[in-house]
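Some notes on the structure that comes next.
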Amino acid sequence: MRNNHVRLNCGITMPLIGLGTYSFPNDRNTTELAVHNALEMGYRHFDTAKIYGSEPALGKALNEAICEGVVEREDIFLTSKLWGSDHHDPVSALKQTLENVGMEYLDMYLVHWPVKLKPWVNYPVPNEDDFEKLDLENTWRGMEKCLEMGLCRCIGVSNFSTNKIQSLLDHASTTPAVNQVEMHPMWRQERLRKTCGDHKIHVSAYSPLGGPGNAWGSTAVVNHPIIRSIAFKHRATPAQVALNWGLSKGSSVIVKSFNGERMKENMGSFDLRLDDEDMLEIEKLEEMKIMRGEFHVNETTSPYKTIEELWDGEI
């Protein structure tokens, strides 16, 4: 196995650095160009979702590269996600995603959030009355059907807490291969990583730099004096330190910059080697849970009384 890949519990390998394709506003031409540039730089893992609106652009760029002989389909690792309004029928949702990306299969299909939304909710931040009670067992049965039908090579989850993972495992025939969550030096996810490790579920980190540049993100990670000091020590960048910390914890990282220089910089994080002193210094950073406000729920209209209940009090 190549040292920049991880072997998942489903038996396949996944590149440890992926390019996320969420952007706001979403521009198809910008996304296509970024994907072509990423392929030239060596990126082979691409992350999208129905709700991102980037599936068609990503698929077009990848298919062009395959047709031109730049890359083989077998060398690409493609991930997309089941949105909350499609929990009633994951198979149909995945078939639509495959049509969007112009592929016969995905490498990974994830349950985007452990929440069910009303069928018409196709916007990223749901309203207070958009939630329905989640039947996780039924959702996961649909995900397993996707796998059985050969529509994807692996299935997994995203934004699942320790308790949600345990609940899923109580009835799952197939253990999730991946749990993609926000994780960075200021939200280290120790308990969740331990639970996932016990069940051989790989933890993949989104917003591994703390989400700078996003409306909900922060520059607190890359601007933290400890991170910057470690970067100076190793003649690296703060972003490379944050990414290498995630890699050192055994996680993959999903980076989202379309800036060419930053894309190269992010790939350079493989070359950094943090020492024990660096890791201990990072453990001193105060935890900061950036995504806390992703879902806003109302105590009277939502089946989830608070965002803490949605995450079982672990957020």
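One-based numbering along the chain as shown.
From the backbone N, Cα and C atoms, a Cβ is placed for every residue, glycine too.
Annotated features in TrEMBL:
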type	residues	note
DOMAIN	17-286	domain 'NADP-dependent oxidoreductase'
ACT_SITE	Tyr52	active site, proton donor
SITE	Lys81	site 'Lowers pKa of active site Tyr'
BINDING	His112	substrate binding site
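The CA atom of Tyr52 (active site, proton donor) is located 10 Å away from the CA atom of Lys81 (site 'Lowers pKa of active site Tyr'). The candidate set comprises the recorded positions Lys81, His112. Of these, Lys81 has the most other Cβ atoms within 10 Å. Summarised as a single figure, the pLDDT of the domain 'NADP-dependent oxidoreductase' (17-286) averages 96. Lys81 (site 'Lowers pKa of active site Tyr') is 5 Å away from the residue listed as 'substrate binding site' when you measure Cα to Cα. Summarising the environment of Tyr52 (active site, proton donor), the number of other Cβ atoms within 10 Å of its Cβ, over all protein chains shown, is 22.
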